[in-house]
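For reference, TrEMBL has these:
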TRANSMEM  B:20-39  transmembrane segment
TRANSMEM  B:46-64  transmembrane segment
TRANSMEM  B:70-93  transmembrane segment
TRANSMEM  B:105-126  transmembrane segment
TRANSMEM  B:166-184  transmembrane segment
TRANSMEM  B:213-233  transmembrane segment
TRANSMEM  B:239-260  transmembrane segment
TRANSMEM  B:267-287  transmembrane segment
TRANSMEM  B:299-321  transmembrane segment
């Protein structure tokens, strides 16, 4: 095993051969077999392997994009269960993006948000209300509603803005006081949003109450409607790509470094001149906006929203993704989100099916019902034994010599300019 | 006005009952926060576990043919509180103690995890034993005491009824609060607890066994939480594994309202929130002309929490604490 890992980390040919082999094997078996969860998982594992190769970042991203955009959709299209795989991939993508959003709040800024799904719900309902016939009922004498599927692209931005706005409204009173209150306030907020959406069918019917809003249009672009999961998949990929890019940029920016400083020591960072409330509010609003964005996507994919999709369990699920993968670590959070969402959507249901159908185990023992136990164990276990998560966060390192060289260069330049003047 | 007033006695009684329950649960939050500066998310679940343990014991008593009366209630209360107390100490030992020096976020996460584990374990046991996780238990004191209708200054006041159980809930809750207050303020262990809450390191230097005191705090907090669970199950008959979550949230609000870490404040906060909630549930529809109904009663505690945090973060009776560097 040790030999193998050393071989893997030293030889690039070995790396590329291994990945090629895995991708080929997994995709052909996925293409040929009707329903093979194993090969689907193997295909996804190639991303993880890719992350650990020693190629330059450009090659990694290129190959990753190739697998995501070309290999997976083609390989999955082989059998009748194509839409099942694509559905799982779409949901995993949505969860990954949300987990990355939560990672800004929990991982970078160190603020515990237990009601993250509220922002997801806001995004979903904003699109759901205005794009579906629900809006017609709301504004009876207006002819612009319902906005069709073409408005989806605009609503991705609107959803993000609305969620960010609510994040700020909630954050302003809470972030001024101690950090631990935030956990309980967000917990309450998540619950309140659900209750409000559940009851906002009177006096004016805005959300259609517990029945939910149906008939939400699917995204449309130049006359093409994204009807199937395999179509939405590409939308999710593009949004996810944007989210990953944005999060990475934020992480190394001045703002990102202030978040981490606050996480490590509030008082010291305040003494260094970081505005505490403003920086925390940014984290809160940005994290919320990613969640709102994915809410819009979720509503468009399901064509239906109702309050039961936005329970506390969902918030905790996203938190588990961040904690499992590693707080503050972008690749870790992606891995954690992928593991948990695939576990939730495929593996647990498969095991449950197998147990109840083949072994006739009573339904009480079905693992699909034990999500809470599972998540609880993950949270406690990680907190005690591996608080840094599966892939620990790495801070960008700066070589002092390089920095000094840059500095002297700059100084030299500025001197030149001053002397020339 | 007439409508509100006519139901007022019933509202006050129900509010007081609910408030007493919130107050005792809030004590658990406030004690643990006072000593460890940790929001013990699992406390609501301990309350819920108490309710289930009590119900299970009563079912057991019925099975072996014991009559349900005063003695059984006291037995159940003692057993359930001992058990939940032990659970609380166990949770502290397993999930919080190893993390005492970790960054603040980590024990919070562990607490959330524990609360989820407790929920699911109870749900599993209940579903395994009864086929449904919503359980309707045995009520010991069911007879009602009627208060006749009367009129005050021209206003009709409707007749109201108290379950005799209500008196028991309020009585026991008040008893718990008084005993706890005496314990914390007058006994040696109580002094040790306050000392540890004030400064753990110095308390240790003074010869106080800090770990023991923290365990004791968890035991007491969890035991009274579990006992309240039993009372809750008696009062409202139907319980499920998820009652602890929203009730815990409200009890925590009560603790913050009274000034977190302040035991008398938590009692007052609990009563206030219970009264407000029942008042809102009964009269929100009347006050808003039917626009908002009783569904929004859960929103109230939350709005109070936000308002307290904006205007008086230290709570009504708390002192603003400067962070130590």
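Glycine is treated like the rest: Cβ placed from N, Cα and C.
Because TrEMBL annotations are produced automatically, they should be read as predictions rather than curated entries.
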### Close approaches to the transmembrane segment (B:239-260) from elsewhere in its chain (Cβ under 8 angstroms; 6 or more beyond its ends)
21-23, 25-30, 33-34, 39, 41, 43-49, 51-52, 55, 115, 118-120, 122-123, 126, 133-135, 137, 232-233, 266-270, 272-273, 277, 298, 301-302, 304-305, 308-309, 314-319
### Task
Decide whether the stretches the transmembrane segment (B:70-93) and the transmembrane segment (B:213-233) have at least 3 CB pairs under 8 angstroms, with pairs required to be 6 or more apart in sequence.
yes
### Query
List, by number or range, the same-chain residues at least 6 past the transmembrane segment (B:166-184) whose CB is under 8 A from its CB atoms?
13-14, 16-17, 20-21, 23-24, 27, 73, 77, 141, 145, 190, 193-194, 220, 224, 227-228, 231, 234-235, 263-264, 267
### Message
At a C-beta cut-off of under 8 Å, are there same-chain residues at least 6 beyond the transmembrane segment (B:267-287) that contact it? List them, or none.
### Response
3-4, 7, 10-12, 14-27, 177, 250-251, 253-258, 293-294, 296-298, 300-301, 304, 315-317
### Query
Looking at the stretches B:20-39, B:105-126, B:213-233, B:299-321, which one shares the most CB pairs under 8 Å with the transmembrane segment (B:46-64)?
B:213-233
### Message
Quick test of the contact rule: Cβ under 8 Å, at least six residues beyond the ends. What residues does that give for the transmembrane segment (B:299-321)?
### Response
249-250, 252-253, 256-262, 264-265, 268-269, 273, 276-277, 280
